[in-house]
Amino acid sequence: MQPRQAARSAGLVYVSDEEPGIARRRAGTGFGYRLPDGRPVRDAQTLQRIRQLAIPPAYTEVWICTKPNGHVQATGRDARRRKQYRYHTDWAQLRGDGKFERIIAFGQALPRLRRRLRRDLALPGYPRDKVLAMVVALMAETLVRVGNAEYARSNRSYGLTTLRNRHLEFVNVGRARLKFRGKGGQEHDIEVDDAHLVKLIRGCQQLPGQALFQYRDDDGQLQPVDSGEVNDYLREAMGESFTAKDFRTWGGTRAALQRLAQLPLPEPSSERALKLAQNAVIREVADALGNTPAVCRKAYIDPCVFDGWRGGELHGLCERVRGERQWDLVTLNYLAQARAATRKAAKTVGAKKAGSKAADAKPAKSIAPRRAGGSAAKNAARPRGRAG
């Protein structure tokens, strides 16, 4: 289901923070709120709704939806200039509060993103959209973090948007290597073998300046990309508020599913043997993501893929898959089926519990003696046929 259709199904309106909204302004020790036409917000229900959103005081560029049923209720920038969202509770429930619920919608939006990437990568020169498309395409291939200027300055750790020219070397015409220190001091040595993408990156590296990914603005001046621009690009291209982290969650889950689909169950299938095999897969995925196994298991691999492997549902998937795109489709279909099965099971359990409560609530049949005047007494009082 498309995002707009999903919003309508929940009785919500699909909105964007590019629409006119309520602005937040400092007022003494607190905040005041202004409608799009400049009038102060005085409606008690609207003020109560804003308070319930619990927008952190440190957020800047705060936008608040004028509609109480908007699927996004507010956005703002945190201290690191990252855009943060406050969703309507019904939307959060519909799309899933957890990160693993989001990746189904992410997988559904991938074809739309690919179409946008093809269009933008074909643009002449190095405009903003083309360079952002290069970063996103590289992220899709490598699953490297997007990076943050603050981390680069304070920790000397890098991500895609903060890479320097020195971090890239070319192996041959169609292959390149990224070597840099990432978050947590993790050393990365990643090979890129997409010949077309490598050619584009080579051209970007030849632009003046030390930053690897720069674009020319409308005045012809070079500007480095930042993580906020990448996330804004993803949101615009995919039609929903996805971020670079969703890419890594999708990639981690897909990599685990792909590996497990090719991994036979151990014999004998003891719990210890199953866990050892799972942990080996988690370590492989963690190495690819540049995370510890503990973080990878908790944040980047949907646990349902392990359930599917243990239940034998994943085996044989690899026999009918040809190419990376088909793995995306297989992953999406499996996750959707697993989630549907979980909802069905929960609904069945809920129905059984409701039936049990209803049965408990039925009044018990009385075992007290019938009062005189009841049906037995009436029958006894009826005239009987004469003896004849």
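Every residue gets a Cβ built from N, Cα and C, even glycine.
Annotated in TrEMBL:
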type: COMPBIAS; residues: 347-358; note: compositional bias 'Low complexity'
type: DOMAIN; residues: 30-78; note: domain 'DNA topoisomerase IB N-terminal'
type: DOMAIN; residues: 96-298; note: domain 'DNA topoisomerase I catalytic core eukaryotic-type'
type: REGION; residues: 347-388; note: region 'Disordered'
The domain 'DNA topoisomerase IB N-terminal' (30-78), counted residue by residue under DSSP: helix, strand, coil: 10 helix, 18 strand, 21 coil
Mean of pLDDT values spanning the domain 'DNA topoisomerase IB N-terminal' (30-78): 94
